[in-house]
Amino acid sequence: MIVIFLGPPGAGKGTQGKKIAKKIDLPHIAVGDIFRTIIKTSTSEAELINNYVKQGALIPNEIVNQVIKIFLLSSQYKNGYILDGYPRNLEQARFFESFIKKAQIKIIYFDVADELLIKRVLGRYSCKNCGKIYNVHFLQPKTDYVCDVCSSNVFDYRRDDNEEVIKKRIEVYKTETYPLIDYYKNSGNFYIVNASKDEQEIENDIQKILKIN
C-alpha cells in the first residue's frame, strides 16, 4: 500500500503519519525531515536548499524529484509506505507516476483553516531523541520537559518557523498544490479528512479510509 498525505504545513500530516505507519507496519517518509537532514550537512546543496527554506519558498522540482526518487526506489520501501509532503504540485505528481503506478496510491488530504495552521506551526516542537511531536498550545508532555515516549528532556524547536514565513509557505502551498488536489479528485482514490478535529478523531477517520481495525 502507498498512502500520500497532502496538506499545508501544520495540518498534522507528520503526527498522523507516524501513528498510522505504526498501525499498518509501513515506513513513514516525511519529505520535510529528509531535507532538514540534508540542510545539516556541509554541502553546497544543503546551502542552496536552506536558502529556499528560510524564504518560505518551495525547493525546485528537479531537486525534490531526484532526492525523493532515490529514497523511494530503495529496497526497504518495496512493500509500500506513507508519504508525507510529496508530491506538492502537478509536475512532481507526474514525475512520481513515471516510476510508481497511480492505481497503487491512496491520497488523503488534510483540510484545515489557515488561522489554526499558523497557531499549530508556531507552537510545535519535538523530542530530539525519538521525534515525538508536541505543541505549546494543544499537546504538552504529561510531565513538564520530559518526553512521554522516551523520557528524554531534550527538545527541538524549529528555527525556520515564524509567522511571516509560515504565512508565505501557506500561500505558496495553495498556489502550487490546489491544482494537484483537482487532479487527484478524479482518481477514485482521493479522500478528505477534517484536520481541524483533535488528534484522535483525525486518526479514527484515516483508519476508516484505509480500513484499519
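Backbone N, Cα and C atoms are what each Cβ position is placed from, and that goes for glycine too.
Annotated features in Swiss-Prot:
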type	residues	note
BINDING	G10, A11, G12, K13, G14, T15, R124, I133, Y134, K197	ATP binding site
BINDING	R36, A57, L58, I59, G85, Y86, P87, R88, Q92, R158, R169	AMP binding site
BINDING	C127, C130, C147, C150	Zn(2+) binding site
REGION	30-59	region 'NMP'
REGION	123-161	region 'LID'
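Structural mapping of features recorded in Swiss-Prot.
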{"residue": "G10", "record": "ATP binding site", "Cβ contacts under 8 Å, 6 or more apart": "V112, L116, L117, I118, K119, R120, V121, R124, I166"}
{"residue": "G14", "record": "ATP binding site", "Cβ contacts under 8 Å, 6 or more apart": "A30, G32, D33, D84, I133"}
{"residue": "R36", "record": "AMP binding site", "Cβ contacts under 8 Å, 6 or more apart": "none"}
{"residue": "G85", "record": "AMP binding site", "Cβ contacts under 8 Å, 6 or more apart": "F5, K13, A30, V31, G32"}
{"residue": "P87", "record": "AMP binding site", "Cβ contacts under 8 Å, 6 or more apart": "I4, A93, F95, F96, L180"}
{"residue": "C127", "record": "Zn(2+) binding site", "Cβ contacts under 8 Å, 6 or more apart": "Y134, C147, V149, C150, S152, V154, F155, D156"}
{"residue": "R169", "record": "AMP binding site", "Cβ contacts under 8 Å, 6 or more apart": "P8, P9, G56"}
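Looking only at the binding-site residues G12, L58, Q92, the one with its C-alpha closest to C130 (Zn(2+) binding site) is G12. The number of other CB atoms found within 10 A of the CB of G12 (ATP binding site), across every protein chain shown, is 24.
Here the region 'LID' (123-161) has a mean pLDDT of 89 out of 100. The Cβ neighbour count for C150 (Zn(2+) binding site), using a 10 Å radius and every protein chain shown, is 12. Put plainly, the binding-site residues L58, C130 were compared by Cβ crowding within 10 Å, and the winner is L58. Shown for the region 'LID' (123-161): DSSP residue counts in helix, strand and coil, namely 1 helix, 13 strand, 25 coil. The ATP site in the record is lined by G10, A11, G12, K13, G14, T15, R124, I133, Y134, K197, and its two most distant CA atoms lie 17 Å apart.
Within its own chain, the region 'LID' (123-161) is flanked in space by residues 10, 14-15, 18, 53-54, 199, which lie at least six positions past its ends and keep a Cβ under 8 Å from the stretch.
Taken residue by residue with DSSP, R36 (AMP binding site) is part of a helix. Annotated pair G12 (ATP binding site) and Q92 (AMP binding site), C-alpha to C-alpha distance, rounded: 22 Å.
A simple way to gauge crowding: the CB of R124 (ATP binding site) has 22 other CB atoms within 10 angstroms, across all the protein chains here. In the three-state DSSP classification, Q92 (AMP binding site) falls within a helix.
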